[in-house]
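> First the structure, which I've put down as structure tokens, then a few questions once you've had a look.
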Amino acid sequence: MKPLIALVGRPNVGKSTLFNRILRQKSAIVDPTPGVTRDRHISPGEWQGKQFLLMDTGGYAPENDTLSKAMLEQTMRAIEDADAVIFIVDARSGLTYLDLDIAKILQKTFKDKKIFFVANKVDNPQVALEAQSLVKSGFTEPYLISARDGAGVADMLEDVLNSLPCPEGEEIEEDDSIKLAVLGRPNVGKSSLVNALLGTERHIVSDVPGTTRDAIDSVLKRNGEEYVLIDTAGLRKRTKIDAGIEFYSSLRTARAIERCDVALVLLDARLGLESQDMKIIHMAIERKKGVLILVNKWDLVEKDSKTSKAFTDNLQNQLGNIGYIPVIFTSALTKKNCYRAIDTAAEIALNRRQKISTSNLNRFLQETLTMRHPATKSGKELKIKYMTQIDSDHPVFAFFCNDPELLENNFRRFLEKRLRESFDFAGIPITMRFLRK
């Protein structure tokens, strides 16, 4: 499993800026307003060949400059699950009571954790000089960085990663079993589905949302194939009371997605697709995992012969450009379509791993170009000479052409649709790269 690095600190010390700097992206909203990071961000990263998960714990401005119960809980959960912690303070404003509160938690409760003390916003020599006084936090001399400009970040991150055990050799998933993450909001029936498949009450199941707290692995053997079912706590809507649980569930979901081949995303048939469901789906797609939507509790819906088609059509419309995800209607209670879901997930997993010969791909390309020529742009025509598949853990295709700038989005979508139809990539994200040749 990839090591998890948590960014911890009071609001507005630059956690999101450092998060974006390390991942070289602008995925989090960065704003001077304290607590502007609305959701917990957990993303995969890579530095000098070493892979890891990076977590921005976010936070909001507590009242009276003391740690609120919710913020304390989410910070504690972040540290508890992390392999290393980057504790960030603002070098320009110096240590506050809140910084010292967090420092005490780290030193007393998590003294065995790998903790790296970082002074951010060190963007001139005077601030660097004043930052030396931060040792009164109880830690050794801090790393001096500027997340905004990148100064000092590389050296700090290198030390963090060198302190962590190499994940190679520790992975228990290096086998041929198909790994399925059972995902969804609380109370959609995740544990009930796993119980239905295993024929055992392995999990505690109740009507109280969020009964299952951690990811639990189960092994299912079916038709000579072995499946690892990763059952997780669901994603919650954000409330102050549930902030800690919501964060923890989000983390468990992200780590389960990292491990899986296919994400089984359960919806409540009575509620349909909600924003939290879309969040889970996008997390899986961003990580290039296979996705299968299970509309659970279908037995509780009043229906006729047209209900399932109407539901599917509406769902595909909501999904938009990711409407390639298959949909199966299930009932964990009656076991309706539960094993069909496993069989479909197996097909997705196998197709996600398939390697297509270059000759077959170029035969496909010629047939596709005969059906539709790329549109001209500024009087020039895109000419795709040949294509090939790049070795990866998901389908990646390279198209060699005269000028990638001539590619229109409409033609890209047409090519992707043709690829899906020709090679059965339903439920599988595809990466297409257009290279000059």
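In case you wondered, yes, glycine gets a Cβ from its N, Cα and C as well.
Taken from Swiss-Prot, the feature GTP 1 binding site covers 9-16, 56-60, 120-123, and the record attributes it to sequence analysis. For 184-191, 231-235, 296-299, the entry in Swiss-Prot reads GTP 2 binding site, with the evidence type sequence analysis. The domain 'EngA-type G 1' feature in Swiss-Prot is assigned to 3-168. According to Swiss-Prot, the feature domain 'EngA-type G 2' maps to 178-353. According to Swiss-Prot, the domain 'KH-like' annotation covers 354-437.
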> Around Lys15 (GTP 1 binding site), how many other C-beta atoms are within 10 angstroms of its C-beta?
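The answer is 27.
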> At a 10 Å cut-off from the C-beta of Thr232 (GTP 2 binding site), count the other C-beta atoms across all protein chains.
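Here the count is 26.
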> Based on Cα coordinates, which of the following binding-site residues are within 10 Å of Lys190 (GTP 2 binding site): Gly9, Asn12, Lys15, Thr57, Val122?
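The binding-site residues close to Lys190 (GTP 2 binding site) (Cα within 10 Å) - there are none.
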> Determine, from DSSP, whether Trp298 (GTP 2 binding site) sits in helix, strand or coil.
helix
> For Gly9 (GTP 1 binding site), name the DSSP secondary structure in the helix/strand/coil scheme.
coil
> Averaging the per-residue pLDDT over the domain 'KH-like' (354-437), what integer do you get?
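So the average pLDDT across the domain 'KH-like' (354-437) works out to 93.
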